[in-house]
Every structure is written in structure tokens, then in C-alpha cells.
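I have placed the structure first, in the form of C-alpha cells, so that the comments after it can refer back to it.
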Amino acid sequence: MGDYNGVNYHEINDVEEGPSTDKIRKVSVLPLIFLIFYEVSGGPFGVEDSVKAAGPLLALLGFLVFPFIWSIPEALITAELGTMFPEDGGYVVWVSSALGPFWGFQQGWMKWLSGVIDNALYPVLFLDYLKSGIPALAGGLPRTAAVLALTVALTYMNYRGLTIVGWVAVLLGAVSLLPFIVMGLVAIPKLRPGRWLAVNLQDVDWSLYLNTLFWNLNYWDSISTLTGEVDNPKKTLPKALFYALILVVLGYFFPLLIGTGAIHVDRELWADGYFSDIAKIIGGVWLSWWVQGAAAMSNMGMFVAEMSSDSFQLLGMAERGMLPEFFSRRSRHGTPLVGILFSASGVILLSWLSFQEIVAAENFLYCFGMLIEFVAFVRLRMKYPAASRPYKIPLGTVGSILMLIPPTVLIVVVLALSSFKVMLVSLGAILVGLILQPCLKFVDERRWLKFSVSGDLPDLRTAEHGSADSLVG
């Protein structure tokens, strides 16, 4: 308990925890940093389109300025609400607390679908980086078999435990970033600073440019669905988000600085996988192969991190009674087996989409989810000012609302630039969520499937006055 402006309050997570959950909350700060790194970035693989769309200057400025508009606000909200609600489910719980279970479910549906769409990309990119050395992986049955085998292997890694995934992420992160440090040292004599200033505002593909920046610098809140598995999340989560933010920005900016400064920039050549060609020009075939291997490892890291987030989100939703109880069952390794299987199935079903379609579709769904998240954050600030917040954004409520204006404008722009096809498919997916929640509620009322709320969680009430007892006492 504590006192805040004369009001007594209880921490929202002041509940008895079972010994089983204590045993599996073992993710420390270093693995958490790299899990966040892979949720958001994974290295510079995929930023090439920013140069193709807008040229060197705007690409470099974008990865310096965009974090202030989007990444920092999202990371700050994640730090505040993630420590306020340190349990699996993350943003689903935030929205449910602020707006009710219906909107919490919609948030969970859109974010889970967005994450699965995102994860469908990584086995494909993994093979794209290897096909120059193994031409058989370019298409046909060998490629399909390779996608399935890779998905199964990485899914099994998630099944074995989040702690394993976290330390694997640390190893893969070092492997993914090291060749760019070497490339930078080799490239120093070849750097021409004037190349960084090249820009032509009359020839900018703004849709591709913004989608590339947005895709490479979002998903900071994804780690919130794993908060229940983190050791001392009230201190660990804000610290990990801070260091991960620095790592992500440097991991993008430094390779772009090298690539655009060391060789002549032909924008048409800047497409997925071009960093391996840059490495060959700068250092030779050995460096090119190293970058290709690093890219492949990076996609493995992003896959296992995203699947962890998606599967634990389903577990958290089941613990809140939003999904059937079987989603909350854990394997002997403490992992959400059913959530992993559902997420892996979604990845396989969506792996036929193209890179551009995947990025645009997931950005559209993600934008809708973030709008709901922003509203939930403001409502929690205004409705429960006395609730315990182990980390609180040091801007006050008015300052925090002002902080959300630029990212909200950006969301509107990204949505407006979506193609009709992407908009139609995404709105259809949103409609499915609007129908699915009442259907699940009907199933629960008829008792066709078992739904239950975990006894280890605080009571979550959402009525205007009644819910105050859940947070303020």
C-alpha cells in the first residue's frame, strides 16, 4: 500500500502468486534487452527500402528523427503500463482495464494477427538471404519444404522455454551486429561524407518510406505480453527498454551511414538483401557471406522473439477469461503450448504473402491497435491517478497526452497511404474480431468450452465506479 495525493492505494498486482509462476519468471535484463531488440529490429536487414524510396539523407534523418516521434513514446508507455500491470497479456490487460473486456479482446485480436503476419515474413527472408548461395531455395518444392522445416525447428525452440529463447537472442544479436562493426572499420578509407547529403524531394515514394520506417521502429509494446515471465519486471522492464532503444537506433543508423557513404548510391539497387552486396564491394566475398549469414541468424531471432510474444499473449488472454481455458495451459517447460501451435499455424498459412503485402497489412492492423492503446493509456491516467505506477512517464498527464499527438498524426498518415487492397483485407480482419468476441461469449454462456479467470490475478472490473476498487482502495 501507499499514499498518493492523500489517497490510499494498493498495487494492482498485490496478489498471492503460485509457486509454479515463481519458478518460470527468470528472464533477466540482458536477455530481455535482446528480446526487445528482436521484437522491434533484429539489425539493419529490411531498412534498404528507405534509401530506395527517399535517398541517403532522408533515410539517415528518418532513423534519427522517427524514434522521437514514435519509438520513444511507445517505449515510455510500455514501461509505465508494463510495470503497472506486470503480467502476461500486456496491452490486452491495459485496454481491458481502461475500456472493458470487449475492447481488450479487439486489441488482442489485432495485435496477435499483426504479430503472426509479421512472423510469416521471417522464414521467407531467411531463405532470401541464402538463395544466392543455394539457388534451389529460390522457389518450388525445396523452398516450401525449407519454410516448413525452419518454422517447425524455431517453434520447437519456443516450446523449450523463454529463458532459452532469451539467451539465444543474445547470441544471435551479437552474430547479427558484429559484421557491420567490421564493415565500418574496413570502410573508413572509402567514406565520402558528401554522399550522405544526396536528396531529391521531387522523387520520394512517401508510402514506401513511411511504411519502412514504421515497420522497422515499432512493436515496442510487444514485450509487455511477456512481463509475467520477467525477473523483477518493475525495475528490469524500463531499464531493458532504454538500452534496447539505443541498440536499435545504432543498429540501423551505423550500417546506413556505412552503406551510403562508402559506395556510390544507386537507389534502384537498394532492396532487401543489398547489404550483402555492399559488404562484397567494401570488403570482399568473405564479408558478403558473413553479412548473409548474419541476416539469416537475425531472421531466426526475430521469429523466436515474435512467437514468444504472440503465444504468451494468448496465454494472458485465457487467464483473463477472454479465450478458452486450454490456451492457458503450460508445457513442462513453462511455455504456452496451445498458443505456440496456434501462432505457428498462422505463420505457415500466411507465408505465401509477398514482403510488401506483409509489411503494409501488419502496419494497418498495428495502427488500429495503437490508437486503442493510446486511448487506454490516457483513460488510465485520468481515471486512476492514485494507482501505483513503479515507472511513470515524467511529463504529467497533460504532457503525456501532448506526447501522443505526433504518433497519432503519423498513424493517420500511414492509414491514409494504405492501398485499397490492404485496407479492404485489414478491415475484413478487424470485422472478424468484432464478430469473434460475442461468439466466444456465447460459447462461454452455453458452456460448450471452459473459460476461467486465473486466481493468481487481481480482480479486473471496468465499470466507471465499481472498477475503482480494483486499483484504488
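Including glycine, each Cβ sits where the backbone N, Cα and C put it.
Unlike curated records, TrEMBL annotations are generated automatically.
Among the residue ranges 89-106, 125-142, 305-322, the one that TrEMBL annotates as transmembrane segment is 89-106. It is 164-188 that, among the stretches 89-106, 164-188, 361-381, 423-443, forms the most Cβ pairs under 8 Å with the transmembrane segment (29-47). Taking Cβ pairs closer than 8 Å, the transmembrane segment (241-265) reaches residues 29, 33-34, 36-37, 40-41, 43-44, 47, 50-51, 55-56, 59-60, 63-64, 67, 71-72, 75, 78-79, 173, 177, 180, 183-184, 187, 190-193, 195-196, 198, 216-217, 220, 223, 274-275, 278, 281-282 in its own chain, all 6 or more past its ends.
Here the transmembrane segment (53-77) sits against the transmembrane segment (393-417); at least 3 CB pairs are under 8 Å, leaving out pairs fewer than 6 apart in sequence. If you look at the transmembrane segment (423-443), the same-chain residues 6 or more away from its ends with a CB under 8 A from one of its CBs are 102, 105-106, 109-110, 113, 322-324, 361, 364-365, 368, 415, 449, 451.
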